[in-house]
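Visitor: The transmembrane segment annotation in TrEMBL covers 12-29. Annotation comment: TrEMBL describes 81-204, 215-354 as domain 'C2'.
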Amino acid sequence: MLNLSEQAQIGIVSGAAGVLVLMVICMVCKLRRLNNTVYNDMPLKPKPSLQPQCSDCVIERHRDPNESLEIQSASFSQPSKKGTLKFTLIYQTEFNNLIIQVINGHEIVGRDFWDNAVDSYVQLKLDPDPGNVYKGKTSISRKTTEPYYNETFQFSIEMEKLADAILSLLVMEVDRYSRHHVIGQIDLELGDVVLANQMVAMEMEILEAYKSRLGLGDLLVSLSYMPTAERLSVVIMKARNLNPPFSEWSSQPRDISPFVKVVLLFDGQKVKKKKTSTRKQEKNPVYNESMLFDIPPHFLHRVILLISVADKPSDSRRSDIIGRVVIGSPSSGEALSHWNQMLVSPRRPIAAWHKLRL
């Protein structure tokens, strides 16, 4: 082992102590300089910009940081139009055949509206359709906003039935995960347009499903109030032309099995709820089911009936709302008129049709 003399050991210790003292002095000086007001008040010299000078650049630099994101992104909002669909109709009286040719779409807007690569197809259905046979769909036209389908469908139906028939054309999209979504819908009352043995060519705007010509459907409700028993009778009679808003459900079209739920609200709070039975695969269901609610006369002006037509998929716990009707003193329009007619006609059933809304 190397033995150091006492003087050498003292020299090493002294040198280390000197280095440590110098380090402490340097740190103290640096901290004093940073805390000096001279440095704090000195303006920083701006670096020369490499970007071109222009009026737009100046505006962008002085933009209010609190400006609404909605305003800044207005040019990147969902287009209001979904495109158009061209098709032809002809009825052959000799064979009792309705022939529909789906030709092409124009400026189809998918869910990713900034993307021109839309995979779309058209699903068509004729109502009423007791046998569930008047339906079909085209093949998928891939990666285009100008799809060319050019497919023909033939339905055997008597001419007199066309007067009440409705043709529904649903434009569908398939996303990259093979999920199907409704782009929009066209509803056409055939009695207004189909001519015997004459081809009719049409190009119609594609509407969101719940904004289509038919709307969401209608519900027939009967109301009656019995003052002596202090009881309100609500009879759900039937619905017609139910048109589910599949785009709102983020669901592909399916057969619906609708039921009606009635919720009694008192001062905005749920008091009681009841519902009808379900009608399997029916767009024009008939119920004729009565529901009774105990309500004192002096509380009638504080209650509301929230009536919902809904469908519950077999593979889901939750129900999808097709449309609603709100009836009561706080309501308006036809709903308020129906309620007031009931109030001035005690013990008499008053029936009225109501348009479903979301």
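Here the Cβ of each residue, glycine as well, is placed from N, Cα and C on the backbone.
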Visitor: Considering every residue in the domain 'C2' (81-204), what is the mean pLDDT value?
Guide: 89
Visitor: What are the DSSP helix/strand/coil residue counts across the domain 'C2' (81-204)?
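Guide: Summed over the domain 'C2' (81-204), the classes give 9 helix, 67 strand, 48 coil.
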